[in-house]
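Under the heading ATP binding site, Swiss-Prot lists Gly9, Thr10, Ser11, Leu12, Asp13, Gly14, Ile15, Asp16.
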Amino acid sequence: MYYVGIMSGTSLDGIDAVLVDFSGPSFSLLHTCYIPYDQSLRAALLGLNQAGENELHRAAILSNQLSGWYAQAVGRLLEKSGIDPGEIIAVGCHGQTIRHCPQPENGYSIQLVNGALLAELTGMTVVTDFRSRDIAAGGQGAPLVPAFHHEMFAHRDIHRLIINIGGITNITSLPVSGGVNGFDCGPGNMLMDAWCLKHTGMTYDHNGSWAESGRVINPLLENLLNFPYFSLPPPKSTGREMFSLDWLQPCLRGDEATQDVQSTLLQLTVRTITDSVETYYPAVRELYLCGGGAHNGTLVTRLQQQLPGRRINLTDALGIEADWVEACAFAWLARQSIERAPGNLPAVTGATGSRTLGAIYPA
């Protein structure tokens, strides 16, 4: 039972693709592929995250372009594996989020991918648009990965937390009782990456070394933490619409050292994680990290300092490398769609009930 999962997250760095096998008693991650976005595509996608002229046309063109990139990722996986395309049951493609607005009335979430075109380019069944059904059922449409976390990482005797540090940070609680819950804590890498790009020209702060060279500006940090989202109770989700440099700018005096702001933004990510853990899961002692932020040594060190007595590891220790968890999740969500099985967790998203997610484009 071969499936492909494709994820391109809010960090806008590129495409993660995986080839997985669900046929055995346990999940198998067979092959992986990463394709970085070029500067022009990344800039175009960033431009669509804000209101502008001719948005519908630009979104349609970019959706087609992205589908070509996604097809390229699928092709590379097949080359690596030697598996015949006809053996792939489905491709689960999240698409590239450009708007996430799950308000109670007229809520929506838009991910760029042309599912019909991707099905034509690959000759495979494609599943996309995973978030809309949950929002239609009164949910946030996010986070969706906790259902996969429960399937893969739950332990019958140990309460675990899975913390995904992507553009946005989300946390999944996997209690022994099985009552899974989770939510978006706040910005993960998103603000750090944007500040780093603006002031160094680099797309991210490797290992958090630039942040480490600065100092935390505590008044700025406390000002940022006073933002209402952080005190909202779950279920809740967020995105680039809420957290961007436009959000940060009014909080700056203008004379701060750029490395100090970077250090403060890293500490914001750390604090929103630790505050979430201490508020909702104070007794949990096992934390597992995934997503790009899991490789930020400065962030992980500060997280360990803020959460003494907890064991913090990568999800690699549970059998899935930290970089590929989300892409694997969308392969699993595609399987749930094909098998007409639920893909959301109402306790996480706030939906009125379990739903089969995704729109299917047959091969």
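Placement of Cβ uses the backbone N, Cα and C atoms for every residue, glycine included.
Sequence features, as recorded in Swiss-Prot, placed on the structure.
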| residue | record | contacts (Cβ under 8 Å, 6+ apart) |
| --- | --- | --- |
| Gly9 | ATP binding site | Asp16, Thr97, Gly166, Gly167, Gly291, Glu326 |
| Thr10 | ATP binding site | Thr97, Gly166, Gly167, Ile168, Met190, Gly239, Arg240 |
| Ser11 | ATP binding site | Gly166, Gly167, Gly188, Asn189, Met190, Asp193, Tyr204, Gly292 |
| Leu12 | ATP binding site | Tyr37, Arg42, Leu45, Leu46, Gln96, Gly167 |
| Asp13 | ATP binding site | Pro36, Tyr37, Arg42, Asp193, Thr203, Tyr204, Gly292 |
| Gly14 | ATP binding site | Ser8, Tyr34, Ile35, Pro36, Tyr37 |
| Ile15 | ATP binding site | Ile6, Met7, Ser8, Cys33, Tyr34, Ile35, Tyr37, Trp69, Tyr70, Ala73 |
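The secondary structure of Asp13 (ATP binding site), as reduced to three states from DSSP, is coil rather than helix or strand. Every protein chain shown contributes to the tally, and the Cβ of Asp16 (ATP binding site) ends up with 24 other Cβ atoms within 10 Å.
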